Amino acid sequence: MNTHYAWWLAIAFVVLGPLVGALLAGIDRRLTARMQSRQGPPILQPVYDVLKLFEKDTLVVTRLQTLYLWFFLLFMVISGFILFLGSDLLLSLFALTVSGIFLCLAAYSTNSPYSNIGSSRELMLMMAYEPMLILVPLGFYLTTDSFRVADIVAGSPWQVLQLSGILVGFLFVLTIKLRKSPFDLSTSHHGHQELVKGLTTDFSGSDLALVEIAHWYENVILLGWLYLFFAPWGPWLALPIAFALFFVEVLVDNTHARLTWSSTLKATWWVTLLVGVTNLMLLPLVV
Amino acid sequence: MYSIGLLILFPLLAGLAIARAPDSTIRAQRVRWSAGAIAVATILLTLLHLGLGPEFYSVPGWLLWTLDRFFMLAGVALALVLLYFCRRILAREWYIPVLILLQTGLMLSAELAPVHPEVAHPFYIDSFTLLMALIVGVVGGLICLHAVQYMRDYHAHEHAVADRQPAFYFVIFLFLAAMFGIVFTNHLTWLFAFWEVTTLCSFWLISYSGTDEAIRNGFRALGLNLIGGVTFAAAIAWLTYGPGLHTWELDRLVAAGSALALIPAALIAVAGLAKSAQLPFSSWLLGAMVAPTPISALLHSSTMVKAGVFLLVKLSPVFHDTYAGLLLSLIGGVTFLVTSLVAVNQRNAKRVLAYSTIANLGLIVMCAGVGTAAAMWAAILLILFHAVAKALLFLAVGTTEHLIGSRDIEDMEGMVYRRPEMAAMLLVGILGMFLAPFGMLLSKYTTFQAFLSMDVMLGDGLMLAAILAFGSAPTLFFWSKWMGKLVAMPRRPQPSTEPIARDELLALGALTVITYVACALFPLADKVFVIPYTHYLAVLGLIPDVQAVIPWETVWLMTLMLGVLFVLPLLFWWRPPRFAEVSGYLSGANVDGSASYRGAMGAERMVESRGYYMTSFFHETTLLRYGGLGTAALIALLIGGAAL
C-alpha cells in the first residue's frame with residue numbers, strides 16, 4: 001500500500017471515524033426498530049444524543065473517572081490509527097485491550113455496586129473473547145507471513161476460505177464486543193436489566209459522551225477487522241460483505257435472550273477451541 | 001576475572017561484617033552501604049564489559065586445583081549442614097536426607113573420578129550474564145535496602161518470632177554471592193555448589209519465623225529443590241563417566257548440540273524447572289510466601305527462581321528443533337495456563353504475585369524450549385522486565401501491608417485516595433506486568449512470532465501459541481480486577497497518615513522509575529544485552545541466524561502509547577476538570593455518601609460489594625492436580641525420550 005495513502009486513511013479514521021460509527025449506530029437503531037415493527041429514530045439520532053450530552057451538567061463520583069475515560073478514548077483512537085495505517089494488527093489489538101481495561105477502571109473507580117458488577121462482568125467478557133481475538137492475527141500471520149495490515153490486505157484471495165473457522169469464531173466474539181444480546185451482560189441498550197446501566201451507571205454528561213464516541217470508534221475498528229478477512233477481493237466486494245455481516249449482529253441481538261456470565265465464558269471458550277484453534281492447527285495443511 | 005572474584009567475595013565479607021555489627025543502627029548502616037556498593041559494582045562491571053563480546057577466563061593451575069578441592073569440601077560441608085537441619089523433619093519427609101545423600105554421593109563420585117574432564121575456562125562474562133548480574137546487583141541491592149526498615153517493622157509486629165536479624169542479613173548476602181557465582185561460573189561442579197547454596201539460603205529464609213507452617217514449607221522447598229539437585233548431580237556424573245561428551249564446562253556442553261548433549265541438558269533442565277517452581281514442583285513457591293516479603297521479592301520472584309530459567313535459556317540452543325525442546329515448552333505452557341487460571345481465585349496479594357511469578361517463569365520456559373533467536377530474545381527480555389516489575393510489586397505489597405495492616409486485595413480498596421504514592425507504584429508495577437506498551441507485552445508479542453515459526457512437528461508452535469492466547473486472558477482478568485480495587489473511590493474515609501520509611505520509599509521509587517525507564521529504553525537493552533548474545537550463538541552456528549527485529553514503526557507506536565500514559569495524567573494534574581462530585585448511584589436515597597442508603601421500609605442499608613474470584617468456576621486444587629500429573633508425565637517423557 002502506498003505510504004501517503006495509508007497516512008491519509010489513518011488520519012481519516014481519527015477525523016471521520018466517529019461519524020461513520022454514529023451512522024452505524026443510527027442504522028442499527030433503525031433496523032432494530034423495524035424488526036420490532038416500530039418507526040425508529042432518524043439515522044443521525046446518536047449524534048443528536050451525544051451533542052445533547054455535552055450540554056448537560058456532568059456529575060462525577062471522582063474526578064479521576066474522567067481521566068480513565070480519556071485513556072479509554074485515546075487508546076481506542078490509537079488502536080484504530082494503527083489498524084488504518086496498515087501497521088501491526090497484533091499491536092492494534094493490544095491497544096484495544098488497554099482501552100477496554102481503562103473503561104473498566106473508570107467504572108470501578110465510581111465504586112457503586114452496579115458499576116462494580118458491570119465492570120467485573122465486562123472483564124469476564126474480555127477474558128472470554130480475548131483468546132479468540134488473538135487467534136485472528138495469528139491466523140493472518142500464517143496465511144500472509146506478517147502481522148502487518150498492509151500485507152494482509154494484499155494477501156491471497158483464498159484467505160477467507162483458509163480462515164473460515166477463525167471468521168466464524170470472530171463473528172461469535174463480535175457479538176460480545178458490540179455488546180449485543182445474548183452477551184450484553186455488562187451494560188445494555190435495553191432498559192430494565194438487573195444492573196441498571198451496568199458499567200455506565202455513574203457516568204453522565206460529557207463523560208457519557210466520551211464513552212459513546214469511543215464506542216463509535218470501536219465499531220469502526222471492528223468493522224475494519226471484519227473487512228480484513230475479505231480485503232484481498234477489493235473494496236467493492238469486501239465492504240458490502242463486511243457491512244452485511246455487521247448488521248447480521250443486529251438480527252442476533254433481537255432474537256436472543258441474555259446468558260449468564262458463566263455460560264458465556266464457557267460457550268466462548270468452547271467456540272474458540274473448536275472453531276478457532278482447530279482452524280489454526282489445520283492451517284499449515286492448506287496454506 | 002578479578003572483578004568476578006570480587007563480586008562473589010564482597011557480599012560474603014559484607015554479610016560477615018553485618019552479622020558482627022554491634023547494634024541495629026550500625027547494622028542498618030552496613031546493610032545500606034553494602035547493598036549500594038554491590039549495585040554500583042555491578043553497574044561498573046557492566047559498563048567495563050559492554051560490547052566486548054563473550055570473554056572466557058582461565059585460572060592458574062594451582063588455583064584451579066585449590067578451588068576444585070575447596071568446592072568439593074564446600075559441597076560436603078553443605079550436605080552436613082543440611083543433614084543437621086534434617087533433625088527436625090517429620091517421618092513423611094524421610095526422602096529429604098535420602099536425596100541429600102544421593103546428590104552428595106553422585107557429586108563425590110564424579111569429583112573423585114580417576115580421570116575427570118579438564119576445565120580450561122572456569123569463569124566467563126557475556127552480555128546475558130551481565131544482564132543477570134545487573135538484576136542481582138541492582139534489584140537485589142534495592143530489595144536489601146527495603147528490608148532494613150521492613151524487618152524492623154516485622155519484628156515490632158511479630159513478637160513471637162525470635163529476632164535473628166544478624167543471621168538473616170548474613171544469609172541474604174551469602175545468597176547474593178551465590179547468585180553471582182551461578183551467573184559467572186562456567187565450571188559445572190562449581191556452579192552446582194553455588195546452586196545448592198541458594199537452595200540452602202532459600203530453605204533457611206523460608207523457615208525464618210520458626211512457626212510450624214514456616215518450617216514445613218521450608219522443608220517442602222528443600223525437598224523439591226533437592227530433586228532438581230539430584231538430577232543436576234546426575235548430569236555431572238553423566239558428563240564424567242557417560243559415553244560421548246566429556247566436559248565440565250557449560251559453554252562446551254551448549255556447543256556440543258542436541259546430538260551429544262541432550263541427556264545431560266535434559267537432566268539439568270529438570271533442576272532448572274524445580275528451581276523455577278514449574279509444575280509439578282510449583283507448590284514450594286506458594287509455601288515460600290510465609291517468608292518476610294523482601295525474601296519473597298529477592299529469592300522467590302526476581303533472582304533465585306530466575307537462576308532456573310537462566311540455565312534453561314543458556315541450554316536453549318541444545319533444545320532447538322528437538323522433541324525434548326517441545327516437551328520443555330509444553331511443561332512451561334501447562335504451567336503458564338494452569339497457574340494463570342488459579343491466580344484468579346486468589347484474594348491474598350502475595351499469592352496472586354506468587355502464581356503470576358510461576359506463570360511468567362512458565363512463559364520463559366516455553367521460549368527456552370523453542371531455542372530460536374527470537375524466542376531467546378523474548379525470554380531474556382521477560383527475565384529483565386519481570387524481575388523489575390515483580391520486585392516492585394512484592395515490595396509495594398509489603399509496605400502496603402505495614403500501612404493498612406492487610407495483604408488482602410479487598411482491603412486495598414481506594415488506595416489511590418488513601419495512599420496515592422503507594423497506589424501509583426502498585427499501578428505501575430501491575431501495568432508493567434501485562435499491559436501494552438510495557439515490556440512484558442512486547443516480549444509476548446515476539447513470543448507469538450517465535451512460536452509461529454517453529455518447525456519440530458506439524459502444529460507444534462500453534463499449540464504453544466494457543467496455550468499462550470488462553471493463558472493470557474485470565475492474566476488480564478486478575479490484574480485488572482486488582483487495579484479496579486486500587487482505583488475505587490472509598491465508600492468511607494479511611495485516613496492513614498503514617499509516613500513511609502525513607503529506605504522503603506527510596507527502594508520503591510527507584511524500582512518504579514526502573515520499570516518505566518526499562519520499557520522506554522527497551523531498544524537499548526535489546527541492542528546492548530540481547531542481540532550480542534544471540535548473535536554470538538548464531539555465529540557459532542548453534543542457532544539459526546535469524547535475528548529478532550522489532551520494526552521501528554512498532555517502536556515509535558509503543559513510545560506514543562507510553563507517552564500518552566505519562567502525559568495525560570500530567571495534563572489532568574495541571575488542569576483538572578471542574579465537575580461536581582456526587583456519591584455513587586445506589587438505587588435509593590443515599591444516606592451516608594456511598595456507604596449506605598435508605599432502602600425499602602425506610603431502613604438504612606449498608607453497601608458492600610466484592611470482587612469476583614470465580615472459585616466455583618476454576619478449582620484451584622483440581623487444576624493444580626491435573627496440571628501436576630500432566631507435567632510430571634511430560635518430564636518423564638523428556639528424560640526418557642532424551643535417553644533413548
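Glycine is no exception: its Cβ is also placed from the backbone N, Cα and C atoms.
The following features are taken from TrEMBL:
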- B:122-153: domain 'NADH-Ubiquinone oxidoreductase (complex I) chain 5 N-terminal' (DOMAIN)
- B:186-459: domain 'NADH:quinone oxidoreductase/Mrp antiporter transmembrane' (DOMAIN)
- B:6-21: transmembrane segment (TRANSMEM)
- B:33-50: transmembrane segment (TRANSMEM)
- B:70-87: transmembrane segment (TRANSMEM)
- B:94-115: transmembrane segment (TRANSMEM)
- B:127-145: transmembrane segment (TRANSMEM)
- B:166-184: transmembrane segment (TRANSMEM)
- B:190-210: transmembrane segment (TRANSMEM)
- B:222-241: transmembrane segment (TRANSMEM)
- B:253-274: transmembrane segment (TRANSMEM)
- B:323-345: transmembrane segment (TRANSMEM)
- B:505-525: transmembrane segment (TRANSMEM)
- B:623-643: transmembrane segment (TRANSMEM)
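Counted over residue pairs 6 or more apart, the CB atoms of the transmembrane segment (B:623-643) and the transmembrane segment (B:253-274) come under 8 Å in at least three pairs, which marks the two as touching. In this chain, the transmembrane segment (B:33-50) lies close to the transmembrane segment (B:127-145): three or more C-beta pairs between them fall below 8 angstroms, excluding pairs fewer than 6 positions apart. Sequence-distant contacts of the transmembrane segment (B:190-210), counting only residues of its own chain at least 6 positions beyond either end whose CB sits under 8 Å from a CB of the stretch, comprise 67, 71, 74-75, 78, 81-82, 85, 103, 107, 122, 158, 161-162, 164, 168, 171-172, 174-175, 177-179, 181-182, 217-219, 221-222, 225-226, 229, 232-233, 236, 250, 271, 275, 287-288, 290-292, 295, 299-300, 304, 307.
Below 8 angstroms of C-beta separation, residues 7, 31-32, 34-36, 38-39, 41-43, 45-46, 49-50, 54, 169, 172-173, 176, 179-180, 183-184, 294, 297-298, 302-303, 306, 310, 313-314, 380, 383-384, 387-388, 391, 395, 503, 506-507, 510-511, 514, 525, 528-530, 532-533 of the same chain, each at least six residues beyond the ends of the transmembrane segment (B:127-145), sit close to that stretch. The residues of the domain 'NADH-Ubiquinone oxidoreductase (complex I) chain 5 N-terminal' (B:122-153), classed with DSSP into helix (H, G, I), strand (E, B) and coil, number 27 helix, 3 strand, 2 coil. In this chain, the transmembrane segment (B:6-21) lies in contact with the transmembrane segment (B:166-184); the count of Cβ pairs under 8 Å, excluding pairs fewer than 6 apart in sequence, is at least 3. Ranked by Cβ pairs under 8 Å to the transmembrane segment (B:323-345), the stretches B:70-87, B:94-115, B:253-274, B:505-525 are led by B:253-274. Counting residues 6+ beyond its ends, the transmembrane segment (B:505-525) has Cβ neighbours under 8 Å at 131, 138-139, 142-143, 145-146, 381, 384-385, 388-389, 391-392, 395-396, 399, 421, 424-425, 428-429, 432, 437-439, 442, 550, 555, 559, 562 in the same chain.
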